[in-house]
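Per Swiss-Prot, these features apply:
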{"type": "DOMAIN", "residues": "129-567", "note": "domain 'Urease'"}
{"type": "BINDING", "residues": "134, 136, 217, 360", "note": "Ni(2+) 1 binding site"}
{"type": "BINDING", "residues": "217, 246, 272", "note": "Ni(2+) 2 binding site"}
{"type": "MOD_RES", "residues": "217", "note": "N6-carboxylysine"}
{"type": "BINDING", "residues": "219", "note": "substrate binding site"}
{"type": "ACT_SITE", "residues": "320", "note": "active site, proton donor"}
């Protein structure tokens with residue numbers, strides 16, 4: 001058999017087992033662990049290429065062949081780094097393996113026929129669409145920003161640029177939940193809305209769950225007292241929905257121990273652990289030692305840089321409706337911003353003690369930068385802490401699997417939607433992001449939503465080819481009209497589905513049910529389930545995990561930044 005040299009092979013079909021690929025301009029390298037394609041039987045589309053009738057394309061009908069195949073993709077997910085073809089049917093992933101024509105090719109598991117469309121992924125990286133579970137729905141324009149960064153699912157609350165939504169991720173009450181569910185039908189992205197959980201009596205919380213809320217949010221700005229926490233969790237346990245909490249920064253109704261006692265070992269998603277977004281000052285970070293708490297942090301403090309602290313005071317004043325002329329408001333804001341705990345946040349993510357990363361969109365966070373800042377943090381930690389156990393030169397797979405899980409599978413597990421989204425696995429919605437390695441984590445090439453491209457880098461529509469400038473992200477056919485509703489999903493509670501919310505509101509989108517939220521523990525957080533014994537010095541704010549002082553320096557330069565955003 002004539003063999004291609006590695007350079008020519010990689011240029012034609014992409015890298016294979018044992019090859020390493022650099023991620024953007026970081027110091028992170030991914031190494032391919034397995035190749036499902038077969039040497040000499042690879043399929044590729046184009047003039048003079050393999051996917052032609054009677055060659056790599058068979059004559060099967062629609063029932064036998066896939067609707068869409070991504071060829072020779074490098075798949076990066078929490079479960080591994082492989083090279084494979086990806087088959088999609090009816091908007092869902094149906095195959096990860098070897099595509100082609102089974103009549104003449106060996107080992108074919110994904111059938112290509114006359115009804116099959118192709119996305120050439122040779123040399124490209126495919127990841128699951130990101131999941132942001134800390135979204136303030138302040139304006140609908142966020143959706144395009146999120147999509148063009150690689151996000152395909154948003155969970156949070158809000159009703160637009162109201163004072164309440166600027167500060168909290170709550171869509172309060174039956175009327176607003178109904179209107180936001182109807183609005184979501186027009187948005188080409190998966191969405192779930194969290195209702196307001198700050199109530200010491202259950203009736204209004206139950207109403208919101210019946211109205212279609214995917215879960216509830218307890219926030220200090222509405223009240224995060226022991227009574228509201230206990231009531232909200234009681235309701236959540238009865239209806240199998242998740243509770244997210246932003247705890248009491250001022251310690252007015254109790255300290256961290258008071259909140260932990262009110263939680264009573266029940267499952268809860270804790271926001272802002274740590275960062276500078278709020279929560280019991282100064283030791284909310286200790287909550288990541290508990291098995292019943294699923295901890296996340298937000299992107300404005302990631303990674304810790306020389307500018308992180310300075311930018312936060314003004315952000316805090318605006319988002320939480322504070323007055324810069326009132327000393328008590330200044331003191332409130334400053335109590336949240338601590339260099340020591342912000343630095344510890346980076347390290348705890350690298351240890352796998354913090355399980356998720358989200359945005360806090362337009363409310364002290366940036367909806368288009370969650371993926372970007374996740375990989376900047378991973379890069380910073382590799383430089384400052386070295387390779388993780390199991391990694392070596394040109395192989396950071398352990399660290400990469402840890403960090404990608406923070407914005408894909410773990411948020412999905414936390415909010416009971418992992419049966420639908422969160423990973424590149426058979427049976428799940430085909431929410432996939434295609435990246436050129438040099439732009440990985442920064443600017444995706446195209447975003448597939450429910451099996452159809454919804455957003456892509458695109459050149460001048462009047463040009464003779466797709467690539468001439470100006471080149472920027474544009475919404476594609478999958479984001480329009482009924483196609484959008486057939487490829488996006490609205491997530492609601494089981495009880496709201498049972499009482500007929502979908503029919504009553506005339507929702508047209510795919511419907512996903514949040515389920516199995518209440519028995520999840522931190523042990524279920526994939527690649528991110530460390531539960532260290534935490535200590536925080538109340539005077540110096542020094543943070544220790546299992547007795548080790550968590551200290552890292554702020555960086556003055558980060559990758560994936562200016563060289564990618566000159567234009």
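The backbone N, Cα and C atoms fix where each Cβ goes, and this holds for glycine too.
Neighbour density around each Cβ, counted as other Cβ atoms within 10 Å, peaks among the binding-site residues 134, 217, 219, 272 at 134. Within the same chain, residues at least 6 positions away in sequence whose Cβ sits under 8 Å from that of residue 246 (Ni(2+) 2 binding site) are 168, 217, 218, 219, 220, 221, 224, 271, 272, 277, 278, 279. Other residues of the chain with a Cβ within 8 Å of the Cβ centroid of 217, 246, 272, the Ni(2+) 2 site, are 134, 168, 169, 218, 219, 220, 244, 245, 247, 270, 271, 277, 278, 279.
With every protein chain in view, the residue among the binding-site residues 136, 360 whose Cβ has the most Cβ partners within 10 Å turns out to be 360. Following the DSSP three-state reduction, the secondary structure of residue 134 (Ni(2+) 1 binding site) is strand. Residue 219 (substrate binding site) falls within a strand when secondary structure is assigned with DSSP. Sitting within 8 Å of the Cβ centre of 134, 136, 217, 360, and not among those site residues for Ni(2+) 1, are the Cβ atoms of 135, 156, 157, 168, 169, 244, 246, 271, 298, 358, 359, 361, 363, 365. Under DSSP, residue 360 (Ni(2+) 1 binding site) is assigned to coil, being neither helix nor strand in the three-state scheme.
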